[in-house]
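Comments concern the structure below.
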Amino acid sequence: MSARARRTSFPEVVIERDSDTEKSSDDEEEVEDDVVESDDQEEEDVEEQKGKEAEVSSAANKKGKAPITISLKKVCKVCKRTGHQAGFQGPTYIDCPMKPCFLCKLPGHTTVNCPHRVAMEFGVIPASRKRTNNSLDYVFERQVRHRVPSIKPEFVIPDEVNCAVIRYHSRRVTCLEFHPTNNNILLSGDKKGQLGVWDFGKVHEKTVYGNIHSCLLNNMKFSPANDGTVYAASSDGTMSCTDLETGLSTPLMDLNPNGWQGPNSWTMLYGMDLNAEKGLVLVADNFGSLHLVDIRSNSQKGNSILIHKKGTKVVGLHCNPFQPDLLLSCGNDHFARIWDIRRLEAESCLQSLPHKRVVNSAYFSPISGSKIVTTSIDNRIRVWDSIFGNLETPSREIVHSHDFNRHLTPFRAEWDPKDPSESLVVVGRYISENYNGLALHPIDFIDISTGQLVAEVMDPNITTITPVNKLHPRDDVLASGSSRSLFIWRPKEKSEMVQEKDERKIVVCDRKNSKFGDDDDDDSGDDFSSKKGKNGKSKSKKPILVTTPCSSSKKKKKKI
């Protein structure tokens, strides 16, 4: 058999260009004088181009090869049409003209001039001070309300990075949890299933356990009986009990005992919470079911219960802090639901709270448990002032930017557990803002009683998005997970006092690049922020942290 000759002829390539990109700006002053001449030249060019295309197509037909067409026209990623582009251009988000405003989801304007972007409290009705004649509301006022002060105290905002560990995890951070008794211990989980234990008081003392789960660690809670034990739920379908001293993990439940049988049968665990009074760990999966695990026997209790639409994820569970028998759940079926644990049955929820899109989180207020705040992917934070009142419609809807793209941990608005007025929440922001030429994604502190933005904290060296935020239950500390890194924020006065003891507060685990915002992981959650942060790169070899609070126009620089 004769050897096959190598193919030497290639098909013709036709390049389509956008007419806007071919215009020259060198002779703008002579355009009016040469209009007729340019029109004639364009007609000649068009005829010549048509002749060339005809020759190419005829030659291709003779040889039996179709020409390859390469289009260089602008294509919108949102509507897939040509002539325009939408998305981030530097620090500015450009809307698609065929779609409504990306921020408030309403037509008639763009994100740049959206009234909610100028004033977050636009259209938000403040909390009413009127009392109702509802008997349940009367009981609530007598038994619970006295614990909540009528005068709102001044908010304390952690607005300066005190210490950080850069590239701590190998994948993006998915959840954070503070130690119940040790104020300086922070636990973190990532997409790979690793569990990190970091003593941010000593900064350099950190441990990562990588043999607990095989994929996303979605939630974790400390044992009420032993503060050295933590329960974790993962997308590998297992729930584990881990000793933080030794790193030894005991699987308490495995919903995939036969291994991988295809995506339709693979069960993942998302929402999780503890009921200390009943000694139960409650976990929910991606098929809408709730599972109960007995802490005392470390075994599953009873059968699973369908609490959301079958085949949808239940991403959040929260037991009421004042009445633990009340359970709040939320999921991908666009609902948040209130349940009574004492009579858990399918379709037996006490109340369903409808939303327009997926609900990322739902939490009772931390002290009285009478309020509910939810975060939906339709860029809305919804607030219910009283679980004893009318729950058909929320008390307020606050427009906030958290409708995220792929490769990001979902944004969740979480309460400040130290706020006695139960009105302060913290949540990361998706759409970037232009701060002196830098594209930054601030962390927002919002007063849900009025809808006003209390503070926005940021650092020019943190150019990645920060979707995971946790406020300390006892100290004025904010922990943030941005991409693979962890940051500890404190108020400026306290941060300065702590920094006098130790000047070096930054630990870089991966020294390929000293830039905070850069990341080698393609699934790190900064798919466009790393491009935007090039102008903010520091020339100094040591990291420099700069914090710009929204209330101050001057920058304060401090070497760490």
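Along the chain as shown, the residues are counted starting at 1.
Just so it is clear, glycine is given a Cβ too, placed from its N, Cα and C backbone atoms.
Listed features, source TrEMBL:
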type	residues	note
COMPBIAS	14-24	compositional bias 'Basic and acidic residues'
COMPBIAS	25-47	compositional bias 'Acidic residues'
COMPBIAS	531-542	compositional bias 'Basic residues'
REGION	1-63	region 'Disordered'
REGION	509-560	region 'Disordered'
REPEAT	166-199	repeat 'WD'
REPEAT	352-385	repeat 'WD'
Checklist entry - Using DSSP, how many residues in the repeat 'WD' (166-199) fall into helix, strand and coil? => result 0 helix, 18 strand, 16 coil
Item to check | Secondary structure content, the repeat 'WD' (352-385) (per DSSP, counts of residues) | outcome: 0 helix, 19 strand, 15 coil
Item to check | Averaged pLDDT score, the repeat 'WD' (352-385) | outcome: 95
